[in-house]
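As structure tokens, the structure follows; a few thoughts come after it.
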Amino acid sequence: MKSDIQIAREAQKLPIAQIAGRLGLAEADFLPYGHDKAKIAHEAIAALAGRPQGRLILVTAINPTPAGEGKTTTTVGLGDALNRIGKRATVCIREASLGPNFGMKGGAAGGGHAQIVPMEDMNLHFTGDFHAVTSAHNLLAAMIDNHIHWGNALRIDPRRVTWRRVMDMNDRVLRQVVVALGGPANGVPRECGFDITVASEVMAILCLASDLADLQARLGRIVIGQTFDRRPVTAHDLGAEGAMTVLLRDALQPNLVQTLENNPALVHGGPFANIAHGCNSVMATRTALALSDYVVTEAGFGADLGAEKFLNIKCRLAGLQPAAAVLVATVRALKMNGGVARTDLGAENVAALRAGCANLGRHIQNLRRFGLPVVVAINHFSGDTEAEIAALADYCRERGVQAVLCRHWAEGGKGAEDLARAVVALAEGGADFTPLYPDEMPLAEKIETICHRIYGAGQVEFLPHIVERLEEWQAAGHGHLPVCMAKTQYSFSANPAALGAPEGFTIPVREVRLAAGAGFVVAICGDIMTMPGLPREPSALRIGVDADGHVQGLF
């Protein structure tokens with residue numbers, strides 16, 4: 001079998017103007033970046049207002065395991081399959097971060113014969129959106145220290161500046177640093193640090209903004225720290241939001257590319273799926289809905305994190321109405337949830353699969369809590385046995401959910417046509433989408449609701465200072481905001497080793513953060529790393545350029 005990058009290089013790509021034409025876009029509606037990438041212009045997006053909307057399909061998954069689930073691959077394969085059965089469908093996914101690409105994750109454009117191209121560009125600099133986010137974020141950081149240096153009229157307390165710097169690379173030594181050493185000319189020394197760009201609130205804002213005006217307003221609401229008398233200081237107080245918006249003006253325009261089967265794909269934005277909402281941009285999703293019958297999108301990690309945030313944060317804030325959910329599962333991952341070691345996953349083990357299906361069952365139940373019809377996509381691996389596939393299908397049938405075997409990795413859209421027909425049937429049957437909690441529910445109660453109803457926790461543990469902080473934000477007018485849970489993606493609990501469907505555990509809320517610009521409150525449960533480090537043998541060791549200038553080892 002050819003590698004992903006070999007398949008991507010052999011793709012018969014169409015000029016991006018033809019892909020835009022399939023969406024009904026004229027030459028003036030997009031800005032080409034070479035022959036195979038483009039940005040859809042602000043003016044073209046504004047002209048789409050009032051158009052009938054297509055149906056929004058969410059692709060999510062069971063809790064991720066090292067065995068792999070193939071969520072992005074399924075998203076792309078489903079988009080191609082919908083087009084094959086006569087529906088105008090567009091795929092919407094996030095952009096890739098350089099850090100994980102050179103660390104240990106690999107690319108983020110699908111796999112096998114269900115990929116988005118140009119794969120190499122997408123996994124490297126693409127159209128420069130992440131550079132723009134990095135620049136806007138660090139401009140604000142520079143303006144904070146510059147303000148303190150030149151007299152500090154706002155009386156910002158250097159000890160309580162919470163705005164860190166960012167870069168799009170994994171570099172553990174930058175997590176905690178001291179800046180402004182070397183004398184008075186270099187500023188006021190203080191502790192600081194770096195996060196990876198996808199952890200920036202600016203990235204979350206870019207992905208939740210509805211237009212340029214909304215982008216600028218959100219940037220102005222960013223809270224960067226406190227004064228000496230504990231009053232919040234915003235980016236607007238520093239006068240930074242205008243210049244930040246200028247840096248992000250082009251980045252706000254969605255990126256148009258294509259699948260291997262020459263169907264349109266909008267790849268835009270990339271917020272962290274733990275301390276942010278982990279979804280592609282509202283601008284891209286709305287644009288696709290106005291230009292397509294069906295829009296297939298995904299949310300980061302498993303349904304307990306990604307789908308919950310997609311539904312409670314993105315859909316709530318953007319007024320989106322999803323029509324159905326596709327829950328991706330693999331025989332291998334379910335056996336792992338049933339207690340099988342990774343090294344033993346190749347052997348048939350129906351009993352372990354049935355035990356691991358408890359994880360799948362809870363995700364099905366949770367998606368139904370939001371009023372969404374669900375179909376399970378069994379992402380096929382060559383080692384899956386007929387008995388294992390039958391047991392998985394039986395489990396789903398007993399719970400009133402259809403399970404569809406998919407072979408899009410090997411066959412492209414053709415291998416997901418049955419899934420596409422099932423999705424169309426579900427979407428045409430209608431959904432009764434409702435967020436899990438109302439806006440007016442107190443912040444602490446929102447956190448408890450997610451922990452009890454989605455995770456299955458028996459208790460939520462708040463440290464005293466966290467309760468005080470939540471009450472303070474509630475009184476300051478932030479109580480209507482949704483909450484963004486930051487915890488391990490590997491388990492329903494805060495313990496990454498607790499696989500399957502644990503119950504009755506305690507979720508410890510260790511820290512809360514106000515993302516006033518993005519428009520949510522982050523609840524951190526356990527240790528969350530916002531600046532990753534490279535592994536002992538990073539992917540970068542295998543990446544290079546051959547004699548013909550072709551990238552080698554990227555994926």
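Even glycines carry a Cβ here, placed using N, Cα and C.
Going by Swiss-Prot, these are the annotated features:
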BINDING   Thr65, Pro66, Ala67, Gly68, Glu69, Gly70, Lys71, Thr72  ATP binding site
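Residue density at Thr72 (ATP binding site): 24 other Cβ atoms are found within 10 A of its Cβ, drawing on all protein chains shown.
Each of the binding-site residues Thr65, Lys71 was scored by the other Cβ atoms within 10 Å of its Cβ; the lowest score goes to Thr65. Within the set of binding-site residues (Pro66, Gly68, Gly70), the lowest number of other Cβ atoms found within 10 Å of a Cβ is recorded at Pro66. Cβ neighbours of Glu69 (ATP binding site) (same chain, under 8 Å, six or more residues apart in sequence): Ala61, Ile62, Val328, Ala329, Thr330, Ala333, Asn379.
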